[in-house]
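Feature annotations, reproduced from TrEMBL:
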BINDING   24, 25, 26, 27, 28, 29, 30, 31, 70  GTP binding site
BINDING   31, 48  Mg(2+) binding site
């Protein structure tokens, strides 16, 4: 998975550094994504209070990847990290059907605060093996 992201981003960013935010509700899998990108493996994680930041190097690109906590009390501070961000990876726990509407609302809040200022927006729907989630992005208008 890490190679997929870095190949995709290398075509966009060329030979330089890129700042990427990993956003989503708490327990969506953001920290798992961060460390999968950095170390190439899945590690045990604990809830993020605040943020985790790691540098991921691939060929000619150095990604500074910021995993921001997704608790209700932390989400209003996401906007503080938007300046100088080239991409957002928005992570959704597709098995948490009770909170999909909240995930959609938070995504739309990001667009209101930061309309098209990022070069790239990537959606990751995780944990879809736990419950069927076919058509989830259309059902909740996340597209």
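Positions of Cβ are set from backbone N, Cα and C atoms, glycine also.
Note: TrEMBL annotation is automatic and uncurated.
Known features from TrEMBL, placed on the structure.
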{"residue": "24", "record": "GTP binding site", "DSSP (3 states)": "coil"}
{"residue": "30", "record": "GTP binding site", "DSSP (3 states)": "helix"}
{"residue": "48", "record": "Mg(2+) binding site", "DSSP (3 states)": "coil"}
{"residue": "70", "record": "GTP binding site", "DSSP (3 states)": "coil"}
Cα-Cα, whole number of Å: residue 48 (Mg(2+) binding site) versus residue 70 (GTP binding site)?
8
Other residues, Cβ within 8 Å of 24, 25, 26, 27, 28, 29, 30, 31, 70 Cβ centroid (GTP site):
48, 91, 93
List of residues, in chain order, with Cβ under 8 A from that of residue 70 (GTP binding site) and at least 6 apart:
23, 24, 25, 26, 27, 28, 30, 48
Check the binding-site residues 26, 28, 48 for other C-beta atoms within 10 angstroms of each C-beta and report the one with the most.
28
Rank the binding-site residues 24, 30, 31 by the number of other Cβ atoms within 10 Å of each Cβ, and give the residue at the low end.
31
List nothing but the largest Cα to Cα distance in Å, as a whole number, among the residues 24, 25, 26, 27, 28, 29, 30, 31, 70 that the record says bind GTP.
11
